[in-house]
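Okay, structure first, notes after.
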Amino acid sequence: MDQSILSKITSDDYVNAILHTSATRVGSDLHNAMCNVIVDQIKDSTEKNKKKKKIDVKRNLNEDQIQLLAELFPERRVVTSSVHRGTHSMAAAMRKIETDVIFTSFPKNGVIYDIGGNWATHAKRDDGGFVHCCCPILDFRDAQRKMTRLIDFNRFIDDAKVVSAEKAAVAAQIKKDCDLISENAKKDAYDANDLNGTWFCQNKFEDCVYDHSTLGDGKKEAYGMAIHSIYDIHLVDLVSAMERKKVRVLKGTFLFSADIIIGKKRGELPSVNGFYIIDGESIKYSFYDDPNCGYEHNLNSLMLYVTKTFVKAAGGAVYYLELTEMRGDTMFFTITDASEARVMGVLHDSSTKCLPLNKRDLVVFPLFDIDRATDELVFREELLSREFVNRALEYAFQLKDNQVTAEGLISYFASTNNAVVIGGSARKTSEKVDPKLLPMITTTLMVYQELQKAKQKRVLGKLKSKVKEELTLSGILESVVHRVFGRQSLYQRGLGVFAKWMQYSYGQDLVGIHDVPLYLEINDRIKLGSALKNVNGFSLSFSELDEKVSLYEEYERERQRISDEIVSEKIGLIGEGYVKVGESSLKPKQKVASRDGMAQWVSGECHLYNTMKCEEKPVEKPRRFSKVVLEEWISEGNCFALNNSFGDEVHWFDSLKEACGRAWRKQVSAVTFSDAEYFDNIENTENEELEEEEVIKTTEQVEQDWPIGNLPDVDPDDSASAQVCLTESASTSSDEDCDPMEQLIVAACERAFATKKFEEVTMDSQVVQSEEIEIVREGEHAHANLSSGESESSSQSQELVAVGSVPLSKWAQMVEDSEVRARQCAVDHDLSWDEVKYAKMPERPEEAEGDDFRTKAKREFLWYLKCKLVADKSTLVEIMRDFIYGQFHSGACETPKNACFLSYEKNVCGEWMFGKRYRHPSKGASSYAVRFTREDWKRAKLIKLQWKNAKAEENGEMSSDNSDKPIVPQGETGIYLFCDITFLMNEIPILNRLEISFKKRVQRRAPRITLVDGVPGCGKSTYVVKEANLVNQYVVTIGREAAEDLRERFKSERNATATQLKRVRTVDSYLLNDTQSRANVLHFDEALMAHAGMVYFCADDLSARSVICQGDSQQIPFINRVESITLRYSKLEIDNVVEKRLTYRSPLDVASYLTKKNFYGTSVVTSANPLVRSLKTVGPRDGMTSIYSIPKIPGTQYLTFLQSEKEEMRQYLGRGNWNVNTVHESQGKTYDNVVLCRLKATDNEIYPGGRNSSPYMVVGVTRHRRSLVYYTKAEDKLYFDLAEMLSVQEGKLMKHLHEEGVKXRQASKYEEIMVSDNAVTVPDVGNLVDLQEMYDIAFPGNSIVDTYFDGYEVATGGLQIDMNASLTYYPNRQMKMWKECRGMYPMLRTAMPEKRQSGLAEGLLALNKRNMAAPKLQESVNEFEVIESTIEKAKKVFFDESRIDNSKLETFEGAARWWVKQSCTAQKQMLADVRTLSEIDVTSYNFMIKGDVKPKLDLSPQSEYSALQTVVYPDKIVNALFGPIMKEINERIRVALKPHVIYNTRMTSDELDPAVEFLDVREDHESVEIDFSKFDKSKTSLHIRVVIELYKLFGLDEMIAYLWEKSQCQTTIKDRVNGIIAQILYQQESGNCDTYGSNTWSAALSLLESLPLEKATFMIFGGDDSLIFFPKGMVIEDPCRRLASMWNFDCKLFNFKNNSFCGKFLIKVGEKYKFAPDPYKLLTKLGRKDIKNSDLLSEIFTSIGDNYKSYDDYRVLEALNVAVMERYKLRCDVMFGLLALKKYINSFDLFASLFSHKGRYQRVEVGRNFEW
C-alpha cells in the first residue's frame, strides 16, 4: 500500500473518528470490545480500592472535599460518616490521614514518639504498637486539648461493650499518669520527672525524660513523628533531642505555601480552605470555614525546616532533612540520622533543592502610585494573569501614538477583564484582575508602550548603520571604544553610583515586566572539622607531620650543639676540663678561676636542714678544687662571705662553723689529702692542663642545681627534712654515730668537689658569679665575655643567630619594659627559680600518643605551676619597675599586692621605705623577698629569708632596729621587695620536687581512684579517721586546719603515735618534706579541690595502688589561678563512686533545699540534725540597702562571695575578734551561726544565678549547724530559693520534695522587610496624665518617695562614718552649712533626686562608697604578655595600619587648636601658674563631688541613700601639659579606625546615625552589650599601661608616657574645702584631660582580649559603654568571668533584641538603623525641682530639642515602644505616653507647663557638653 495512505490511516484524527463512530453503534464488535475493557477497568479499580486501608475521617465534608482527599492520598480509601462537626474540618481530616500514613510507615515493634500528638487516638488502637506523646501545656489551648482528649478516651472506654485486659491496663495507666501530673502541678512541681507519664507526658520533646528502654527487652528501636507540631521547635533543638533519645528517623508534616518564600505577606491554602498572614516574626494560619481561633507560630523556626538539609545536633551527630513530598498545602518531611557518613570520613557535603512556585500563568507587573504624605512616587509589584497582560500589551502596541489614552485603555481593560473575545463573542474566564488596579496598570502600560517604541526606533537606526556596504575608520573606532568603555560618560557613571548609593531608582527597569520563576533554588552545605589537628588548628597529613618532626629535631640538635659550645667558652667554675662539642679532648683546655670548687659548694649547699641523714660513700674519683680557697677556708672560716650565684643570701652562725670544722677534721684524710688534686698550682697556674679522661660525663648523671635552703613549712609541727637530691640507697641508710650536721657537710663536699656534671646546658643557663669571672645572661654582652684567645667565639655567635628564629642578643635580654616592641625580647624559656624577669608563658606540653590520662594530668600540673610562677614574677617586675620609676611615693596609700620595700642602701640596719612594714595580714613574716638595686634592678633575684629567732637574740645579733627585718649578710646592699606573692611561694620547691618525680618515679599501673561523694557534713573526715591505717596508709588534705583536726582525731580516737601522725599532712607539706614514705592506700581529703595531676603525683610518689578521695562533686572544684591559660586535665577520672547523702551538720530545711533543687540529682538528702528551720533572708525590700544593714553579732561567722566584699566587710566590722571569710575559704569548715553576704547588686558568675554559682551556693548554705541569714542587695536565685523554703511546711521538710522553676520558651527573631523609608508624622495628642501613667507603669511606687530632706539629715544629723586607713581628715576647716534651695515645682512625680550640697559627710560617703570600695584583683596576670598580645591584636582588628600616624605630637598648631577650645577662665588660670615642669606634682589632684545624683531607673529600693559621684581633677597647668597631646592622639586614633569600628566622641543621636547606615536592617545579628560597674574605680596597672602602649602607636614619647603613668599610679586627692585627703592607687581620675578616651580604650582593649572581635561586623565604644554585633548564629561565650578575673571589671552581659548604647536605643526605622534617646531618662529628669528661672528652662528646652529630633518620626516612637517594653519589662504598651512626650517637648509653652511656669522662651545657644 502506498506509504502516504498508511500514514493517513494511522493518524490520530482518523483513529479518533473511527473509535467515536464504532463505539456509538450498539451491537458492533468494536462497541462490545470497548465495553468489556471498561468493565474490566472498573472491576480492577474496585478490587484495588477494597485492598486499600479504609479511613473514616468522621467529619462533615462534601463530595468535592472527599474527592480531593482521595487524590491527595491515593493509598487510602477515604470515607466519612459525618458524625463530627468541628472547626476546620478539612484540615482535621487531612491531619488524621497524615497521622495514619506516617504511623504505618514505621515498624510495628518499634517505639514511636509523637510530638504534640493525640495520645487518646493512639491509646484506642488495637495494632499492638506503642506511642508516647509529648504534649506540653504551653498555652490555654493546650490545656483545652488535654481535657478534650481525656473526655474522648473516657467516652471510648464507657461506650465499649467489652474492655479487654490490655485496654483496661492502658486506661488505668493513663488515669494514674493524669492523677500524678495533676497532683504535682498542685504542689507547684514542674520538673520534667514530675510531668512524665507512660502514654503521654506534659514535657516538650526537647525535655522529655521518658525512657523507652524499660519496655520489653529494652532493645526496641525508637522513631519519631510530628504532625503539624514543629512550627515553634527550633530545628537544632529537635535533632539534639533526637540524638539524646536515640531516635534515628523522624517524619512529619507542616502547612506550607511557596508564596511564603517569595515574600507575600498573605497567601491562600486552598486544600485546607485556609490562608496565612505573615505578621513580623510570626506566621498566622486561619480557615475560612472556622469561627474559632487561628494559630500563630514562629516563622523563623518554620523556615529552617524548608531551607536546611544538614543539621548538626548538640552532641555532634549529623542529621539529614529531606522534604519528601507536597500534598496540597501540606509538606511532608523526614529527618534521618546520617552520622555514619562522618564516621566514614565524609567531612563536607552540599545540597540543592528546588521548590516549585507553580506560577507559570502569572507575571510580575510593576505598579506606581503617589504617597499622600510625601508626594513621592511609590512602587510595588503584583502578580497578574499572563493571559490578561498579553492581551493588554497586544492592544496597547496596536494603537497609534495619538490613540494611546488613559480613558481608552481603562475602557478596554474593564470590558475584557474576565472575558475573552472569540469569533466576535465574549466568553468568561476564571481569573479576574482587581478593578482597583486597572488605573495603575494603565499608567504602567502607557509608559511601557512609549519606551518600547523609542527603543524600537534606536534599534532600527543602529541596524541600518550596520547593514551599509561601506566601512569607515571612525565607525570602527567608535564601535570599539563603545564596546570597551561603554557609551555612558564618566559623569553619568558617577551619577549612577551615587543614585544607587542613595537608593534612587531610575531607568527603563522601573517598568520592566518579568516572568515569575518556575522554582526557587535553596542551597545548604555542611563542613565538619577534621579529627587530626595540630595546636594551631591546621590539618596535617601524617607525612607532613613526620617532615615537621624531623625538621624540629634537627633544629633542636643544632641549637643544643651551639649552646654547648658557647657555654664551654664561658663556664669556668668546675674543677675539670670542659671539651667543646666536636673538638678533640687533647686540645689545651680553658683556664679556670681560683674559687670555683668552694663557690660551687657554697652556692649549692648553703641552706640545709639539720636533720638530714646521709650514707658515707668512698670517693670514687680524685676531688679537684682550689688550694687557695681551701687554705683560706680552713684558716679563717670566712668562705661564707663568698658571693652566691643563685641569689641565696647565706646566713651562717657559730654552730654551723663548728660543725663544718668537726666534719673537716673527721674527713680530712678521705676528702683532702689522700685523693685530692688541686687545679690551681700556686707556683704555675697558667700551665695547668687537664687530662683527656677528666672530660665531662654524660647528661644523664647530672644533678639539678636548685636552692635547698630553709624551705617554709606548711604545717607547723612538720619536722624539716633535707631537700638534697640523693640516691635511694643513701637516703635509706643511716649512721647513728655520726653527727647529722657532719654528715651533711660531708655529703656537700662530695657534691661540690667531685667532677661537676651538667645536664641540658642551654643558653638560658643560670648566672654564675665569682670574684674573677662573670658570665652574663644578656645576649648583647655575650660576645664580650668570650675568651679573646678563642677564634671560634664570633663564628659561634653568628651561627647561633642563623639557627634560631631570634638573634642571640634577644634570647635572654632583660627588656626595656616601657615599649612593647622591646618587651618582645623577653625571655621565652623556663626561668630559673630565682630569676625575676618578664617572660612569656611556657608552651603547653606536647602529648605523646601513648600517654594516659594520668601522665597528661601530671604534665599539665607541672606546666600550671610554671605558668603561675611566670605570672607572679611578671607582677613582681611591674611592682619593681613602678618603684624605680618613682610611681610609689606615699606609705599612706596602698600598693599592689601589699608591696613594701626594705632598703639597705644607706642604713646598714635597713630602712623601711615610706614607713611601711610588711606583715601578712594573717600569717606573719614573708618566706621570700626580691633583692634588687636601683642601678641594676633588671637583674633582680628571688632569695629565701630568715627572720628573728630566740638564738639570734641571745647571741646579740638582733637589735630593736632590726627586730622587724629579716637577717641579711653583712655588706649586702640593695632593696628588698616584700609582698603577698613572696609570702610563701610553695610553687618553687614543689615544682622542683615534682619535676624530679616525673622523670624518676614512673608507676606502671595507674592507681584506682575511688570517690566518696558526700554531701556537706556527711562525715567524710570521720570516714578517714575510721578507715585509714597509718601504718601502711597515708592521709593528705588541702587545708592546714583540716590536717590539724585529723591529727587530733587520730591521736584521740585511734591512739596514733607521733611517727604515725607524720603520715597525716597537707598536700603541700607532703610534697615539701616527705620523700621517703610509701603507702598502699592514699586517703585524699577534699581531693576535688586539687588538680588531678597533684593527686596522681602524690599517689605515684607513695607507690599507692588505691586512692580514696573524699570530696563533694557539687562544691567548689579546683580553681585555675592563671587566667591566660586553659586546663584540660584538672578533673580526676573516677573509677568508682560511693555516694553519701546523710548529713550530720545541716538542719532539715537545708537538706530539703539540697534535695528540691536537684544539686545531687534525684538523690534525697537526709539529715541527722533535728533542727527543722535555720534559714532566713534579708533582701533589698526587707531593708538590706547597704552594708550598714548587716548586724554585728559576736561569735558569728561572716561569709562573702568575693575577696573585695571580704575586705569591705572587715572594714565595716572594725577592730575586734571578727571572723570573715570568703565562701571558697570556708569550704570544709563548720560553724554554728553564719551570716552570708552579697554586697553588690551587679551580676557575677559566682553570685547566685550566675554561670558558675552552683558550687558557691551549696558551700554557702551548708556551713552552719544552727542558723544562716542571707543578706543580699539583689533578689537573686538564692534569695528566692531560701524565701521559698520558709513557706514549706514542717511535714514536707521531712519528705524533701523536688522543685524547680517553670521553663519558658524564647522565640527567635524575624525582621519584616519595608520598602518605604519616609518619616511619618506624629499625631499631636496626649496630656500630663499620660506622662505620669507612662512613668508609673515602668516604676510603680518610685514617684511617691519624698527625698527632699535626705541631704539635710545627712549634713546635720549624727552619722558614723568609718574612715579608711588611706583617708586623712583635717578638722580645722570651716564647716559648710546646709542651705535650702527651691526652684520651680514640677507637675510630674518621678524619682529624680534633689541636688546635693557639698559637705564633709557627703565627701566621706562618696569616697568610702566609690573610690575606697574598688574591687581588688585576685588572679595572677602576666601583664607583659597580655599587653603585648592585646596591642598586636588591636592593630589588626581596630586599625588600618597604613593610617597609623606616629609622627611628632608636640606641635605649635596642635597646642593652638587645643588652647582655643579652653574657656577664658581656664586660660587665665593656666597663664597665672608659672611653675616649671620640675615643680609640677602630677600625682596631686583636687577632689569634689557632683551635686547631681544619678537617678535610679529600676525598682531597687529608693530608701537607700545614694553616694554622690566623685570628680578628681588636676590643676589646670597639668591639663596644659597633657591636654594637647591627648587631643592629638585621639584625633589620630579616629582617623586610623576601620569603618566598622566607631569611636563615639560624645556624639548626638543624629551624629551617630551616619556611623551605622552601612548596617543592613534585614540582617540579624548576635549582639553583645556590657554594663560595667565602678568602671573608673576598677582600674589596675594593666589598664593604664595597655592604653599607654596603644597611645605609643600614635606617637606618644617616653617622657610624656612616664609622666602620664606616674599621674595615675599613686595619687593624692585633696578636698580643700572640707579638709579631706585620700591616697588612691590605680584609679582613673574622672577629671583629667583624657578621662573619656582612657575609659573608652580601656573598655575596648579589655573586650578585645576577652571576645573574638576579629569576627565582629560592627562595634562602637564610648567611655564604659560598648555595643558589638556578631554574625547571626555565632556562639559567644559570656566574657564577664574573664573581664573580672583578668581585668578586674565587675560587669554583666545584656541580651536584648533592642540594643542600647550611651543612653540611646539602636532601632530599625525603615531601611536604616537609627539611634533614639531613651524616653524614660528624659521622663525621669522632668521631675527636677531645682530649675530656678526661665533662662535655665529655655536652655533645657533647647538641649532637648537638639537631642530628641528623632521623636518627630512616628516610626521611631513605634520602635521605641517595643524597645522600652523589653528593656524595662513593661506589662503593657506605652505608645500613648511617647506621643504625649513628643507633644510636650515640641512646644515651649507645654514644656513650661510641666514646671508650672508661664514665662516666654529665651533664645539661647547651648553647647555640646550641656548637661541638665
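The backbone N, Cα and C atoms fix where each Cβ goes, glycine too.
Note that the structure is predicted; figures quoted are calculated from it, not measured.
It is 543-573, from the ranges 543-573, 760-790, 1194-1224, 1287-1317, that Swiss-Prot records as coiled coil.
Swiss-Prot tags one of the stretches 701-738, 929-966 as region 'Disordered', and that stretch is 701-738. Annotation for GLY1017 (ATP binding site): spatial neighbours THR1143, TYR1144, ARG1145, SER1146, THR1230, THR1262, criterion Cβ-Cβ under 8 Å with sequence separation of six or more. The binding-site residues under consideration are GLY1014, PRO1016, GLY1019. Their Cβ neighbour counts within 10 Å are lowest for GLY1019. The Cβ of VAL1015 (ATP binding site) lies under 8 Å from the Cβ of ASP1112, GLN1114, LYS1140, ARG1141, LEU1142, THR1143, SER1146, ALA1151, LEU1154, TYR1160, VAL1165, THR1262, each of these being in the same chain and 6 or more residues away along the sequence. The ATP site is set by GLY1014, VAL1015, PRO1016, GLY1017, CYS1018, GLY1019, LYS1020, SER1021; from the centre of their CB atoms, other residues of the chain with a CB within 8 Å are ASP1112, LYS1140, THR1143, TYR1144, ARG1145. All protein chains shown were included, and the count of other CB atoms within 10 Å of the CB of CYS1018 (ATP binding site) stands at 25. GLY1019 (ATP binding site) falls within neither a helix nor a strand when secondary structure is assigned with DSSP, and so counts as coil.
The helix, strand and coil residue counts that DSSP assigns across the domain 'RdRp catalytic' (1565-1678) are 43 helix, 33 strand, 38 coil. The binding-site residues LYS1020, SER1021 differ in how many other CB atoms lie within 10 Å of their CB, and the one with the most is LYS1020. In the three-state DSSP classification, GLY1014 (ATP binding site) falls within a strand.
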